[in-house]
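According to Swiss-Prot, the protein has these features:
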type: DISULFID; residues: Cys235-Cys237; note: disulfide bond
type: DISULFID; residues: Cys268-Cys271; note: disulfide bond
Amino acid sequence: MDKIIKTISESGAFRAFVLDSTETVRTAQEKHQTQASSTVALGRTLIASQILAANEKGNTKLTVKVLGSSSLGAIITVADTKGNVKGYVQNPGVDIKKTATGEVLVGPFVGNGQFLVITDYGAGNPYNSITPLISGEIGEDLAFYLTESQQTPSAVGLNVLLDEEDKVKVAGGFLVQVLPGAKKEEIARFEKRIQEMPAISTLLESDDHIEALLKAIYGDEAYKRLSEEEIRFQCDCSHERFMNALASLPSSDLQEMKEEDHGVEITCQFCQTTYNFDEKDLEELIRDKS
């Protein structure tokens with residue numbers, strides 16, 4: 001079971017989220033059949049979305065779009081406050097060579113572009129916020145977004161590690177944020193600790209990477225666990241939802257599908273589930289429009 005643990009320092013100067021997103025990213029890889037580089041890029045974006053959604057309340061939904069300049073295309077993820085996230089990459093079969101040490105490169109793979117966050121509070125008029133991709137590594141781009149767009153100094157680390165067969169081995173990350181009222185010496189102490197932290201890849205390799213992350217963030221400093229919540233890859237598509245989408249098409253288009261194709265097959269981009277609509281379904285839609 002994947003989870004996110006929310007914590008706050010005893011002094012109230014900082015808060016930290018730590019995540020185990022292994023099954024989330026593994027499910028995404030299985031559904032989209034992504035190559036190594038696209039698995040890591042999509043996985044990091046899914047984790048980034050889980051972090052952002054954990055910061056919201058109510059029925060808020062967050063869409064993250066990593067709009068890079070490479071042949072990978074856009075990475076699009078959607079997360080809600082109930083722990084659900086879904087996502088896809090436009091060209092999952094695109095891949096680049098690993099480094100000599102076997103490292104999967106993401107920054108050069110994603111390229112230059114924009115980090116777009118769409119926040120939908122469920123009341124209409126979603127709020128869009130855009131910052132440039134500063135590295136394409138996703139974690140650094142999320143930290144820059146939080147610092148620039150939300151005016152909250154943040155440190156982010158996230159990664160996806162693959163095994164010898166390029167299958168997801170472990171995935172997770174962390175967010176650390178300065179809270180209002182933090183003293184200069186507290187900020188300096190935490191900044192030093194973050195700078196001296198082992199690489200996120202090293203921490204994820206630990207037997208219990210959640211505890212390893214918390215230890216690296218807080219050291220010997222006291223902190224409180226505020227909550228532990230389940231997170232997962234979960235798509236909200238359905239036959240009914242796609243039926244409603246078809247209903248928005250002109251009757252002439254529906255008639256053409258009925259007569260020439262004898263139905264239509266639709267595949268959800270987010271989870272690759274396929275839905276079939278036969279002539280009877282299309283006839284019903286046409287009749288409802290008349």
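The backbone N, Cα and C atoms fix where each Cβ goes, and this holds for glycine too.
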Chain-internal residues, separated by at least six, CB under 8 A from Cys268 (disulfide bond): Cys235, Cys237, Phe242, Thr274, Tyr275
Long-range Cβ environment of Cys271 (disulfide bond), under 8 Å and at least 6 residues apart: Lys31, Lys86, Phe233, Cys235, Cys237
Cys235 (disulfide bond) CB neighbourhood, other CB atoms within 10 A: 19
